[in-house]
Amino acid sequence: MALQQHIAAFYLTLWLLLHLSQSSAHIERASQPYMTSDATEIAGKSYDYIVVGGGTAGCPLAATLSEKYSVLVVERGGSPYGNPWITEKLFYGFSLLQTDELTSVAQAFVTEDGVQCHRGRVLGGSTAINGGFYSRASGDFVRRVGWDEEMVKEAYEWVESEVVSKPELTMWQAVVEFGLLEAGILPYNGFTWEHVEGTKISGSTFDAWGKRHTSADLLQMGNPENITVLLNATVKSIIFNSSGDGNKTIARGITFISSSGDGNQTYDYEAYLNHHGGDVILSAGALGSPQILLLSGIGPETHLSQLGIPVVLNSSQVGHGMKDNPGIALLVDSKPESRFPDAPQVAGITKGFEFIVEGGILPVSFNTTRIPVAVKLAFPESKGKLELNTTDPRRNPVVSFNYLKKDRDMDQCVKMAQLLKRVAGSPSVEIFLGYVPQNKNFFLSSSDEEMREFCRKNVRTFYHYHGGCGVGSVVDEDYRVYGVDGLRVVDGSTFLESPGTNPMATLLMLGRYQGVKILRERGELAY
């Protein structure tokens, strides 16, 4: 009877939140730039910049450029506002439970490795569906990629002023914190934005009231009169012209279609760049940006020819160097129960930054959750690739990450399993649960070979995909696509490794950083 009452209260809360969110949605949208899902409003118009993808990097980039220029943001999904599955921490993880091919806010896909994954399909991108854990990149990462450290600091602080909060730990997160320390992940660093060895509390994009702040909120930081957001529209390809002498390929605009509708839809719309030195900037993510380049005729010539795509530029590395950080997880509870979800607020970062450990409470249905402790490999050697299997831009490309294929990655996974054993079997976790965690005995008695088999069968994603448009192979250090004028890529597809505990903070920063850099290059901001 108590369980039935709990479930009834849960759905009453859901009903109230739906109505509260709907009543407040117009207030939130009032401070946002103009948004429309009507493609005919945009068709044929010109803008100084076109940002393809209103996600983690795209929104801060558009907001920054709008300070001086007109910007069109094209987002394949809808608005996050008024949707409690996105905005409320109470429903963290719900958006991953119900997905479809064309309209859900999370688009599911299965890699060629057989691993179930998701990608954001909503304004705000993956910041609208992830755990909200905010942590900066290490100083070493910033120096390796050659960014200006003072500009990076200012860009992080710009993001943090609007969408990041210091969390109050939930009971389970406090347990995880002690469990990490008891497992030897030292020192204890308390609260910090920085990526440092040891156990730490970091920032969250969920505020003190449990409300999520996505990258879409950063659009308020720009000039709303200069930003137009086109929702529910998928870019089909980039429009190119040749220079007068025919020696240069120049991006001049985009072709796009409605994201919804049946698969036979063929009506195309176009939007263009003004002739003032602006760019088409792809910020569609590690899967979306290489996919759009390939659909536009930029990629390996043989692959493009197989699909009948006219070759604009034979760029052999588009879609190559795809990486995802392999992880494994251990369920410490014995069965699904009716608990509220809990997003990670604490992380354990081992020596050399090799492993990242977190714990959460994840929904497995709309009224039950499980409690996993999970660990990821920060620097995998294994790489895969992304290719097209259709020219419909709304469908997922084919991607493989070759999880744990390199011997070193598998050796590291065995060490990750041993680390999970220590965390899950820590005194704090056992006291919290009131019993010995599920599967603990397996780890206590397992040989290295048994652990390798466990890794092979249970490897999972942390959703930190990167690569496909790498700096130095597809784009230069200013994120301009080699061989094409007026075209850039600014998102995680350019990364050679995933920064920090996870890339969200650095991608948010990168959008701001690159926007400021472009404005400075054009003389619109002082150095």
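Indices start at 1 and increase along the chain as displayed.
For all residues, glycine too, the Cβ spot is worked out from N, Cα and C.
Predicted automatically and left uncurated, TrEMBL annotations should be read as such.
What TrEMBL says about this one:
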BINDING   VAL122, VAL235, GLY492  FAD binding site
DISULFID  CYS413-CYS455  disulfide bond
DOMAIN    285-299  domain 'Glucose-methanol-choline oxidoreductase N-terminal'
SIGNAL    1-25  signal peptide
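Of all the recorded positions listed here (VAL122, VAL235, CYS413, CYS455), the one with the fewest other CB atoms within 10 A of its own CB is CYS455. Outside the domain 'Glucose-methanol-choline oxidoreductase N-terminal' (285-299), and at least 6 residues removed from its termini, the chain residues within Cβ reach (under 8 Å) are 52-53, 55-56, 76, 109, 119-120, 125-126, 235-238, 240, 309-316, 318-319, 322, 386-388, 391, 393, 396-397, 399, 465-469, 474, 481, 483-484, 489, 491-493.
When the record's FAD-binding residues VAL122, VAL235, GLY492 are compared pairwise by CA position, the greatest distance found is 18 Å. Around the Cβ of GLY492 (FAD binding site), the number of neighbouring Cβ atoms within 10 Å comes to 29. The two recorded residues, VAL122 (FAD binding site) and CYS455 (disulfide bond), show a Cα separation of 32 Å.
The DSSP breakdown of the domain 'Glucose-methanol-choline oxidoreductase N-terminal' (285-299) into helical (H, G, I), extended (E, B) and coil residues amounts to 11 helix, 2 strand, 2 coil. With respect to their backbone Cα atoms, CYS455 (disulfide bond) and GLY492 (FAD binding site) stand 26 Å from each other. Across the domain 'Glucose-methanol-choline oxidoreductase N-terminal' (285-299), the prediction's mean pLDDT works out to 98.
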